[in-house]
Amino acid sequence: MEESTAPIEAHAAAGAEAGAEGGEGVSVPPPPQFEAAGASAGVSSAPLQQASGLAPLLVTPGPAIRRAASLRPAPAEGGGARSGPERNSGSWTKQILCRYYLHGQCKEGDNCRYSHDLSGRRRSRGGQDAQPRASADRGPKMATRWEPPTQEVAEAPPAASSSSLPLIGSAAERGFTEAEIDNAGIRSAAERGFSEAEIDNASLAAGAAAGAGAEGWEGAIEFVPGQPYRGRMVPPHGPEAPLQSPAIEREHMAMGMGMPMPVPMPMPVPMPVPMPLPLCRYAARGQCLRGDRCAYPHGEICDMCGQQALHPWDAAQQEAHRRACVEAHERDMELSFAVQRSMDKVCGICMEVVYEKADPSDRRFGILFSCNHTYCLRCIRRWRSATQFENRISKSCPQCRVSSGFVIPSEFWVEEEEEKEKLVQQYKEGMSQKACRYFAGGLGHCPFGEFCFYKHEYPEGWRDQPPRPDGGGSSSAYWHQVLEPVQLREGNVLFKSRKKEHSVLRLANQLLKKLLCLRGSSSFSDDRWLLLQYQLEEYFSLNL
C-alpha cells in the first residue's frame, strides 16, 4: 500500500503548491510537511519504469491534479485518514493568503479563515530559510514549518516560476504596494544580521535594477482605499492615466478613508464701493432753507451755468456736467446768431419785416431751395397757388425766376447750403409722418405721385396696392372701389374740376357698371375688356 500510494502523495504534495498558486491567482507559502509526505517524497516511479523498460521520467502534475490537490489535504502516514479534529479544524485554509487582505479590503479581520501572514510569501519569493513570524499589528497568525522543495518540484518548468520578472514588477502584478515590499526586505535583511548602511545600499541597487526592468512603473497610479485597484505596473501599450492635481488626490484619499471632505476656503468677496450721496436739489435750483444742517451735500458752483451742480466728491459727474453745459451753450449761441440774422429780413412780396408782422403765425419764412431771396411763408404760398400764370412761372421765384420744387417753412432765415440741406432733411422727415390728403388711403389720386413728401398709406388689411382684376381679385369690386366717390368732410374739396367733367365721370361710372353686369352674356373679347380698362384708367388719371 505504501508503494502504490507514494506517487500519488508526491503528486499531491507538488500539486498543492502549484494548484494554490495557479487556481487562486496569488502565490502561497509551501504546505506544511507531514511525515507521510516527507517519507514518500523520495520515492519515485523508477521501479515501474524499469520494469516496463522505459527511461526514468519526471512526472509533473497536470492542471486537474493540481486543482484537486489544492482542494484536498495530503493523507497521513501509512495511508490512513487524518483524525477528525485535524480535518474539520480548517487549518489548511490558513496556508492560503487572503486575496481581500492583499488588497486591503478584508472585512473579517482576525476571524478570517485565510492567512493574513505575508512573511512566508516573502521568504518563498526570496528563497530565505527564516521562520515566519506573526505581524504585530495584525494579531497572531498560524506559523508553519518550511522545508526545501523536493527534486521533482525544484526541477519544474520555468513557466511556474516568476523569478524572471523584477521584484517590484512581479509583486505589483499580484497586489503588493511598494512600501510593503521595502519593509519585507528590510526585516529579512535585519534578521540575517546586516547593518543599516548595507541595507540602504542594497535597497538603492535593487530599486535601480527594478526600475530598469519595469516599464513605466514610476508613472503608475497610487492605490487609493475604496477605489478600484489597478495594479502597480502600467501596460506597455495601454492608455496613460490622466494626471490629477494634488487637491483632487487629497479628496479621493479622504473619501476612501472615510474622512470628512476638506472644506474649501471661501473666496473673498469684494466690498461694494459706496455710492456718493446725491446733491441737494434745492441748493442746485436756488437756495436750500436748511443751509449747513442739510443732510445732502451742496454742490460747487459751475462756471458755465452758475448753479451749484458740481458734486464735490464725484469727478465723473463734474466732467459730464461741464460737457453738457458746453453743448447747451453752443446751441444757445447758434440760436442767437439765427435770430440776429432774421431780425431785419423783409419779405420781397409784401415788403414788410417778417418778425414785425401783427399775426404771430405769419412770422415765418418761406425758403426756396434754389435761391436766397427772402419771402414770408404766407406770401410765397399765395404766389405759387395762383392760376392766372403758367405752371413754370408760378413755381419759380418772383424776383429771379429760378424754379424751385418746393417751399420750406422755417422760423429763422437760412442762407448757407449746408444749413439748407439740413433744413430740407428735417422737413422731409417731419412730412413723412403725416398722411397725404390727396391719396386718401388709396381711394384718391395724389398729383405728386412718388415725389410727395407725405405718407401714402393704405388701410389696414390692404397690400401695397389695391387688388387688380388681373391679380386675383374680382374686377367688379376693383372698379367699384375706383369709381365710387370719396366721402370727405365739409370744406375739403378732393377734385377741382368743372361741372362738365363731373357729369362725364358720372356717366362713365354708370356705363361701366352696366357693362360689368352684362359681361357674361356680351360678345366682348378679353382684348376689348383690357383695352376698355386701359382707356378708363388713363382718362381718370388725367382728369381726376
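Even glycines carry a Cβ here, placed using N, Cα and C.
Sequence annotations record features per position, and here Swiss-Prot assigns region 'Disordered' to 1-46 (among others).
Look at Swiss-Prot and you will find 9-19 (among others) tagged as compositional bias 'Low complexity'.
Residues or ranges marked as compositional bias 'Low complexity' by Swiss-Prot: 36-46 (among others).
According to Swiss-Prot, the feature zinc finger maps to 92-119 (among others), an assignment based on sequence analysis. Each residue in the zinc finger (92-119) has a pLDDT score, and their mean in this model is 87.
Feature annotation from Swiss-Prot assigns region 'Disordered' to 117-144 (among others).
Counting residues per DSSP class in helix, strand and coil order gives 8 helix, 2 strand, 18 coil for the zinc finger (274-301). The zinc finger feature in Swiss-Prot is assigned to 274-301 (among others); the stated evidence is sequence analysis.
Summarising the annotation, Swiss-Prot assigns region 'Makorin-type Cys-His' to 302-329. Away from its own ends, the region 'Makorin-type Cys-His' (302-329) comes close to residues 276, 279-280, 283-285 of its chain (Cβ-Cβ under 8 Å, at least six residues beyond either end).
Among the features that Swiss-Prot reports, zinc finger is placed at 347-401 (among others), with the record citing sequence analysis.
The feature zinc finger is assigned by Swiss-Prot to 430-459 (among others).
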